[in-house]
Amino acid sequence: MAAATAAVFALLMASALAGAAAGGDIVHHDDEAPKIPGCSNDFILVKVQSWVNGKEDDEYVGVGARFGPQIVSKEKHANRTRLMLADPIDCCTSPKEKVSGDILLVQRGKCKFTKKAKFAEAAGASGIIIINHVHELYKMVCEKNETDLDINIPAVLLPRDAGFALHTVLTSGNSVSVQQYSPDRPVVDTAEVFLWLMAVGTVLCASYWSAWSAREALCEQEKLLKDGREVLLNVENGGSSGMIYINVASAIMFVVVASCFLIMLYKMMSSWFVELLVVIFCIGGVEGLQTCLVALLSRWFRAASESFFKVPFFGAVSYLTLAVSPFCIVFAVLWAVHRHFTYAWIGQDILGIALIITVIQIVRVPNLKVGSVLLSCAFFYDIFWVFVSKRWFHESVMIVVARGDKTDEDGVPMLLKIPRMFDPWGGYSIIGFGDILLPGLLVAFALRYDWAAKKSLQTGYFLWSMVAYGSGLLITYVALNLMDGHGQPALLYIVPFTLGALISLGWKRGELWNLWSKGEPERVCPHHMHMQPQPKTGPV
């Protein structure tokens, strides 16, 4: 039951991040700052590469202004230009000295962005870099009543820490030059392709394991019945020990509790709280990895898997589990210690996939009614916390938690992620556990039903539910790119595809009521057949 307990808690954590399919925000649109003549640029992130005394130094990221010329996208087209401090430093009045094509570094001050740019251009500057007074990036816009917006130099805003790093180097008497450009993302993100394959493959493996264990339990029951033994078939619990079956009430409460958990993550998000989440994730990851490895190795080490001894607080434990556990614990601890390294995403994904597969194998949807309630609640939950929550919290709660804002961590651990290796901006493509786990419960149910009904791949429901899940996830990534990288509620697309495919196919085949209420095909009890009176034969 330790695995079952870990599975329930993991399912809760996963659903709290059900809609965390997010990308990088390179281009931004802002309806509250409408475009006007002379002030119509999109808000784009800008790379600012620096050189100190002729040697390449740090690279910073800022945001371009609504006004001024477009910043080039190719590094080879960007000129390396000398950087100098403005005098006065806020550039709210005309600089005391003329500059010959240099870029001015100025502080935020209290005047308008456009005013700074006009003074810098009049002094002969080729560009202006503004140091913001906070760590966040603001959008440099124009006021509605501004008319004189003939600005011909680019303006870039840097966060406070990056700007003052350049300011410190300049005031130390060093020669600094910078290069500004905004590279485009590739049309097809290879990381998203691999993430799609990873998610679909996880659901596929978990579904087959769930269906295989259900078939073994059913075969064992039928064997006992044929032998004439008295066995109580618990249809409601599937006859499998250690399995957790969701009902309608728990499906509804599940989303309510997940919402409370998400709010707690949002309100308490800090470095120490992320450390706590890492510990919890490692515990669940060890349980999941151990369960998967034991299930795989038991085929070759049957004697070790069937020999048990009692361990305090854990009960009966097999020798194979005891042998595998140290490896799983060491693996999780090494990931936790080295999780800030560039290759740590591999360990996080292995632990996450093992945890998801284990949960789908243990936690089961008994029929389509419960699956519909669970996914429908998750559908509205996802939309609310990604989009609607902005009205009350002024930011998307789901995306903020997924990114790990207000911490030094690169997101919370309850995510699968792959680095964008061919993207000039770097970063990660991510997907929340819930976007795989919750639809995976329904897909696994479809395969269990097919095997119990002895349906082929073409005549069953599993193939079409897998196609529907893959299509829904694919549409999610298409929407993610069309929305300029803004985080999307993945279940907004996955649930209609997956749930709609099962319901429509069941209705067309006339099996919807059986799927909806019973969740298993009609079966004749072999023991009952043996007790039926046989017809007598005799002379006519």
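Glycine is treated like the rest: Cβ placed from N, Cα and C.
Listed in TrEMBL:
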{"type": "SIGNAL", "residues": "1-23", "note": "signal peptide"}
{"type": "DOMAIN", "residues": "94-166", "note": "domain 'PA'"}
{"type": "TRANSMEM", "residues": "193-211", "note": "transmembrane segment"}
{"type": "TRANSMEM", "residues": "244-266", "note": "transmembrane segment"}
{"type": "TRANSMEM", "residues": "272-301", "note": "transmembrane segment"}
{"type": "TRANSMEM", "residues": "313-337", "note": "transmembrane segment"}
{"type": "TRANSMEM", "residues": "343-363", "note": "transmembrane segment"}
{"type": "TRANSMEM", "residues": "370-388", "note": "transmembrane segment"}
{"type": "TRANSMEM", "residues": "425-447", "note": "transmembrane segment"}
{"type": "TRANSMEM", "residues": "459-478", "note": "transmembrane segment"}
{"type": "TRANSMEM", "residues": "490-507", "note": "transmembrane segment"}
Task: For the transmembrane segment (193-211), sequence-distant contacts whose Cβ falls under 8 Å of one of its Cβ atoms, 6 or more beyond its ends - done: 295, 349, 353, 356-357, 360-361, 364, 416-418, 429-431, 435-436, 439-440, 443-444, 446-448, 450-451, 462, 466, 469-470, 473-474, 477
Open item on the list: At a C-beta cut-off of under 8 Å, are there same-chain residues at least 6 beyond the transmembrane segment (459-478) that contact it? List them, or none.
Closed with: 21, 189, 192, 196, 199-200, 203-204, 207, 435, 439-440, 442-443, 446-447, 449-450, 453, 488, 490, 492-498, 500-502, 505-506, 515
- [ ] Answer with yes or no whether the transmembrane segment (370-388) touches the transmembrane segment (490-507) by the criterion of at least three Cβ pairs under 8 A, sequence separation 6 or more.
- [x] yes
